[in-house]
Amino acid sequence: MESPAEIIPHSGGVIGVSWLMIALPLIGAAVLLLGGRRTDRWGHLLGVAMSLASFVVAVASFMELLGLDPEQRRRAYELYQFIPGVADMGILIDPLSISFALLITGVGSLIHIYSIGYMSHDPDRRRFFAYLNLFVAAMLLLVLSDNYVGLFIGWEGVGLASYLLIGFWQFKPSAAVAAKKAFIVNRVGDFGLLIAIFTVWTTFGSVAFGEVFGKAGEASQNTLTAIGLLLLLGACGKSAQLPLQSWLLDAMEGPTPVSALIHAATMVTAGVYLVVRSGAFFEAAPTAQLVVTIVGVATLLAGAIIGCAKDDIKKGLAGSTMSQIGYMMLGAGLGPVGYTFAIAHLITHGFFKANMFLGAGSVMHGMNDEVDMRKYGGLFPVMRITAITFIIGYLAIIGFPLLSGYFTKDGIIETAIEHNAILGWLAVVGAGITGFYMSRMVFMTFFGKRRWADDAHPHESPAVMTVPLIILSIGSIFLGGFLVLDNRFMQFLAPAVGRPEELPVFHFVSPAGLATLALVAVGAVFAWFRYGAAEVPRVAPRGSFLTTFARRDLYGDALNEALFMRPGQWLTRIAVFFDNRGIDGLVNGLAAAIGGTSGRLRRVQTGYVRSYALSILFGAAVVVGALLYVGNM
Amino acid sequence: MTTHYLVLSALLFAIGAIGVLTRRNAIVVFMCVELMLNACNLAFVTFARQHGNLDGQLIAFFVMVVAAAEVVIGLAIIVMIFRTRRSASVDDASLLKY
Amino acid sequence: MNGTTITAPTIEYALLSPMLIVFGAAIIGVLVEAFAPRYLRKSIQMPLTLLALLGAFVTTVLAASNGLPTTAAAMGAVAVDGPSLFIWGIILILAFISALLINDDEQFVAQAAAVPGSVDEEEAVRSGFAQTEVYPLLLFAVGGMLLFPASNDLLVMFVALEVMSLPLYLLCGLARRRRLLSQEASVKYFLLGAFSSAFFLYGMALLYGYAGSVDLKAISAALGSVSGQDTLLFVGVAMLAVGLLFKIGAAPFQAWKPDVYQGAPTAVTALMASTVLVAAFGALLRVFWVALGNLDWDWRPLMWGVAILTMIVGAVLAITQTDIKRMLAYSSIAHAGFLLTGVIATGTAEQNSSALSAILFYLAAYGFTTVGAFAVVTMVRDAGGEAGHLSRWAGLGKRAPVLAGIFAFFLLAFAGIPLTSGFFGKYAVFTAAVGGGALPLVVVGVVSSAIAAFFYVRVIVLMFFNEPAADGPTIAAPSVGTSAVVALAAAATVVLGVFPQPVLTLADQAASALFIR
Amino acid sequence: MPWLSTLMAVPVVGAVGVSLVKSDKLAKQLALAVSLVVLALTGVMAARFDPALGASKETRFQFAEVYDWIPRFGVHYGVGVDGIALVLIALSAILVPIVILASWHDADGTGAAAPPKRSVKTYFALLLVLEAMMIGVFAATDVFLFYVFFEAMLIPMYFMIGSYGGAQRSYAAVKFLLYSLFGGLLMLVAVIALYVIAEKNTFMFPELIGVIQDPTTQKWLFLGFFIAFAVKAPLWPFHTWLPDAAAQAPAGAAVLLVGVLDKVGTYGMLRFCLELFPDAAKFFTPLVIVLSVIGIVYGAIVAIGQTDMKRLIAYTSISHFGFIALGVFAMTTDAGAGATLYMVNHGFSTGALFLIAGFLIYRRGSSQIADYGGVQKVAPLLAGTFLIAGLSGLSLPGLSTFVSEFMVLLGTYERYVVPAVIATTGVILAAVYILWMYQRTMNGPTAEAVKGLPDLNIRERWVVGPLIAVIIALGFFPKPALDIINPAVDHTLSNVHIDNVHVNPAVAEKKGAGQ
């Protein structure tokens, strides 16, 4: 294969000021947070403006990049010295990072706009927009940074933003807990990422992409595998891959736009970015690559299964997000071709999943924040735009022919199969399940009987919310085809991720593709009979073992509790006890001992002069004895 | 042979010491101390004899004078405490302790 | 002195003048008691005493200023050398300060002979009697203290010991309040003192038997020549040591200290705690370094044991004390232990001199702080006289911030916190000890000073961090004398803690030539 | 101009002035003014400081002043600063005015807990005296002078805890004093032995470097110094005095205690333990690293289990001191510089935590976490700042503490892989203890007792603002600080004679796992 292009120092032009992408939303966040209530009236507008502005910069940089000859398309420049001798703050604009930048700022801006409507009744809307801006800035730093340290800062920055936004309604204990959980689980991943960075540093003496990837081949196999696995651990944390998936479903406590932007479109895909960005290491460490694919497949199945059992529409979508990122991971473990499809799928997924989340949000908006699909049903007539856009997204995700998902997901599956048959076919199965649970969602929500609560008066959402839906759904329709057909996206990404010898040709008719379609169809039909045609009880039936298994998120939380939480609590109690009784007890005990000795000793001072005389005589005897002994030695 | 004198003085000294430890009456205790001093005198004189110089005898005289002075002070103190306590027992004076 | 030919003795009056002045004044004092009318006595005795001490000090300085003599004065009986002069200086200053403390009728009994609570007691109090014999007694004691460390043969030392002690025995019994305790202290001190001096005397006798002389120089010479009578020597040394260690209150001979310090009138306690310790250490050093210098390999292990025991006993026992004076007594035991580590630090000549100067500095520093501390104690009173019990001191920091602050400062000095005199004292001695190869001893020293710190700190906690008791003690409006004492002591503690160099230099000069032989 | 002497003299004079003025209010204002003057002077001095000079032996300590103090003991009044000392002095100079402003009412006897009214003047006078001593201890270039400050510093802090602290104050104060005193006395033995054995008749630090050659001697002396510093820092298992002291001390005092005083311990390790006894330092490195790593994890775990806010913060500090010690003894430039920077950053972040917690406690009158809940609703600003402080406590990137922690771990990893990895788990635990505390106090439904709690007032904003500004500024631009620190650390390590203090990239050949 042909390796990625050199990273070229850059100055001037729009790219030269591309750091504005990060700076603008950051300023927005700062103004809104420091400004306080004073900025309540126009705060949300500022937030949107900043996000749009940074989108504009992104587009401009993208144009400038396209203007360059493909081999020249990796431009980096230093902002300032961060930690002298270790890491500098630098920006890397290359096809990979710019496509992310576009996704983040583009979809991000849409979601900003949507939120104006969605959060209109919330007293803290300004704070919400501040956090959104903060997130955008951090996410851009993550993808635009030209070294691992900068990336890590963005990495944790988005973690913070996610923490703040999940816990945005912090007065709800559930939200507060979910936020904390998300941050802590992410920290486990960050631990891996940190160690990975240390290893990179000690191995290559640098953390800058430009320097380390070139030397990747020289490092020892074990080192590279270690780096790969540690990076993967980090990716699992951020992207809710097994075994660090548990936080994502709880994260749905956050306002829906957050779920759409952070926990569907962008942040959770950072893991994929990390793996693809570090491709150089993974390609040199097949073991690590294999693990990546396995994790991907496992997660895509797990997410799909979970998705089947959820009655909470957002959790259902969350499950599907997990599963879709599983697909991306799988792709990211398959070398350049896989990268392309992974990123392509990531982008299309960004669109249709955001689309569906916002749609769900719109539904909740109309159903005064009801999330239980068993209380929905027959909503199609009352909120047509929402329904239609949602259905478009649905078709896209299940891979309905010629829609976005069809191209990108299929690409991943194809590549997977020729790479590793078992994993590939498992992915196909996953697609089938996807067909089932997504259909189930659609049927339960928009069709069938109306099972609404009595006080529910569903209505279509305002334009400020529906327009973004429409735009996103358009993306969900065409983007996939545009990217995948005649390898546009692969050509574009090649300078960043490398190019395979022979480019894949997209077969509209392939065994895998047909199989996928078939399975999806089966799933959809099955779903129709169970949830479309049949009666859906308003309270969930007990369901089989499998159902409970899925409802309980495959016992992920139970496992964590049993393995980490409870032992942790015990350990803590023991440690505290040991500290108070053990160490401190020892110290105080010593003091007490001396005190006691003193108390007993002073009794010797009886007050009788004759006993004193005795002590003198005794002392004299000892002294005499001692001197004689020493003297005659 | 001077050894016997020395042994005697040692015995006297020991008797005095034992007396100090055993007797309760302040006067007697004090007398025992005096006994010890005189034991010392005996030793001095003996050694003076042994070394054939006068220092020992001389010292003995000094000691006597000092002892006399001590008697004066001692009796004064004992009388003082006797007047307050109506008792010369050293064991009664045991308020200061621990 | 060899007895064969009798030569007319020569007396260096100039050198001895300090002692002569003190003793002279004491005798005059006695005469005053005999002939001056009662109402006049105090107004005569007071100035007389102070003047005498002052004069003695001046003459000491003069003696020191015109060069250190190289031979012992008074036919080799009295060694007026550097250390002696330095010690004299300290003793005289401290005695002067303590004398200022005595300037306060509240402390001393109106008429020692009168039975407490009896008619003639009241009579005596009403007619404003005052036991002005205190002053001559003090002067005699001081005279003894001057002679004790300077005496160059054991006989003189014995006489000095008695001259120093006898008046103190009496002074202890003269407290106006808590007479029973005071008298008990007196009798205990007397009996034990006499007992121990008997040991001293017997040891002296045995040494005489060994060396054929009580002259320190002769004894040290004999150590080389005489042989075969080691038992005599060692037993003698041991008993001599007992007498001296008793005076400095080293364990296991410390039993008297707490009782006596607690019972005695505080002014007298201050005098004893400061000056007697100084004098006794002077004597101890002279005996062990001059007479027994060549024997150090034999007595050093003994001293190790005594030092360790003394430090630990002093520190540990002080923790649980409830009476302030008693606590200070134990603290002075602990300090005696610290000083002993210096006594052990012998070696080369300059090692010795550095150790000696360290001890001298320590004595000076400790003396001032002690007098100051006891002076403060005299000022904290309640209905029954001085409020001895620690619990009564609670919240003093709120009632009398300045006084409590100064006392806390003294306590920190005892604890050896930097920027106080106590720290440099300890530092000097420990440095000497380490130089003398006694590192383990120093480790024990610091451990016990850590323990000791606890009870000093405890008092500070009481004074500052506890709320004052409802019927807490009152602070006596201090007489000019008392406040002067406190001020002086505090000043000394600060100066020696921040700029010790001048005094150190002085001590070095005093110690440079070591003891003359 | 004698910069350092001035820096010490100003607060002392100020303290006298404060104790003399009539009204309490005036005393406070005067104290604040004085501390600001010191801050200004420090700023000017820092501006005139030239890091480049740090390389050479002669010019290592700048603004040096040396006068004989006690020739008899070879003791000098010797002061001067290199990069390490400078940043720590700057830390003290910045913190003190903030603390004064924060403790405005600590001695008034106001506040929900209704503590008894105490002498306000004394409190602020003590603060200023303490400042002078803090500057002195970092500036001292004479080992003895350092020791003197090291011990003398205890006294003002002792009184601040003992007479202005909480319910258990006297126990805490005594424990604090005795613990430190004990360590200090062991150090005293070592100091004496150093002087006697070195036979240089001087205590000037530069002249004592490399004098002690005999390895056994080095080891003993090292231990004497190290234990004192380990108690001070505090390092596991000498730490139990800190939670009591910090929890009982008034917030301001706690900040200076944990923020500056304890740094003397780690500073001493870096300056004296390493340079005076290099071989011993190398010999004991494994031990120290084990202790540090234990401390990091242990402190974090125990912190998780705390029910009292101030105790919790104290335990987090124990964990952080583990990081600092680890960085010091990893003996690589990155780790050493990281550790030094950590001392500074930790001062700010923990300072912020303590002060804001203090504001909270002042309002509610309890430091029990259980007594709070949902504060975010009633006092968003307080909660927000508390969160930022907390996040800097868990060293979130973008906040100053991240840089230092990252450098420490990175530098340690360069030489000791396994310890570094274990230490890195600290970042997870940190998230747990900080966020859990935040959730229990600030999130959830608003507790009854908390309703109507006022948000930060102007004075308190002026306290928190600068701290957070510094935290964020140093989080994104640590370079200025590091440029000052790096040469100094390099010089230090050069005196320890370590071969590879810089990372030596090991491409193509596997990195050994741990030593």
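Going from the start of the chain as shown, residues are counted 1 onward.
Yeah, the Cβs are placed from backbone N, Cα and C, and that goes for glycine too.
Under the heading domain 'NADH:quinone oxidoreductase/Mrp antiporter transmembrane', TrEMBL lists D:140-426.
Same-chain residues lying 6+ beyond the ends of the transmembrane segment (D:6-23) with a Cβ under 8 Å from its Cβ atoms: 30-31, 33-35, 37-38, 41-42, 45, 89, 93, 96, 121-122, 124-126, 128-129, 131-132, 135-136, 139. As annotated by TrEMBL, transmembrane segment applies to D:6-23 (among others).
According to TrEMBL, the transmembrane segment annotation covers D:30-49 (among others).
Through the fold, the transmembrane segment (D:83-102) approaches residues 7, 11, 28, 31-32, 35-36, 38-39, 41-43, 45-46, 49, 51, 54, 61, 124, 127-128, 131, 134-135, 138-139, 251-253, 255-256, 259-260, 263, 267, 270-271, 340-341, 343-344, 347-348, 351, 355, 358-359, 459-460, 462-463, 466-467, 470, 481, 484-489, 492 of its own chain, all at least 6 residues removed from its boundaries and within a Cβ separation under 8 Å. The transmembrane segment annotation in TrEMBL covers D:83-102 (among others).
According to TrEMBL, the feature transmembrane segment maps to D:123-140 (among others).
Taken from TrEMBL, the feature transmembrane segment applies to D:146-164 (among others).
For D:176-198 (among others), the entry in TrEMBL reads transmembrane segment.
Among the features that TrEMBL reports, transmembrane segment is placed at D:218-238 (among others).
The annotation transmembrane segment is assigned in TrEMBL to D:245-264 (among others).
Look at TrEMBL and you will find D:284-305 (among others) tagged as transmembrane segment.
Annotated transmembrane segment per TrEMBL: D:343-362 (among others), in sequence order. Within its own chain, the transmembrane segment (D:343-362) is flanked in space by residues 87-88, 90-91, 94-95, 98-99, 102, 105, 111-113, 246, 250-252, 254-255, 258-260, 263, 266-267, 309-310, 313, 316-317, 320-321, 324, 372, 375, 382, 385-386, 388-390, 392-393, 399-401, 403-404, 441, 456, 460, 463-464, 467-468, 470-471, 474, 481, which lie at least six positions past its ends and keep a Cβ under 8 Å from the stretch.
Cβ atoms under 8 Å from those of the transmembrane segment (D:374-396) belong to residues 313, 316, 345, 348-350, 352-353, 356-357, 359-360, 402, 404-406, 427, 430-431, 434-435, 437-438, 441-447, 450-456, 461, 464, 467-468, 471, 475 of the same chain, restricted to positions at least 6 beyond its ends. What TrEMBL lists as transmembrane segment is D:374-396 (among others).
The transmembrane segment annotation in TrEMBL covers D:416-438 (among others). For the transmembrane segment (D:416-438), same-chain residues at least 6 beyond its ends with a Cβ under 8 Å from one of its own Cβ atoms are 289-290, 292-293, 296-297, 300-301, 303-304, 306, 309, 312, 315-316, 319, 322-323, 326, 330, 369, 386-387, 390-391, 393-395, 405, 409, 511-515.
Of the candidate ranges D:123-140, D:146-164, D:176-198, D:245-264, D:123-140 has the most C-beta pairs within less than 8 angstroms of the transmembrane segment (D:30-49).
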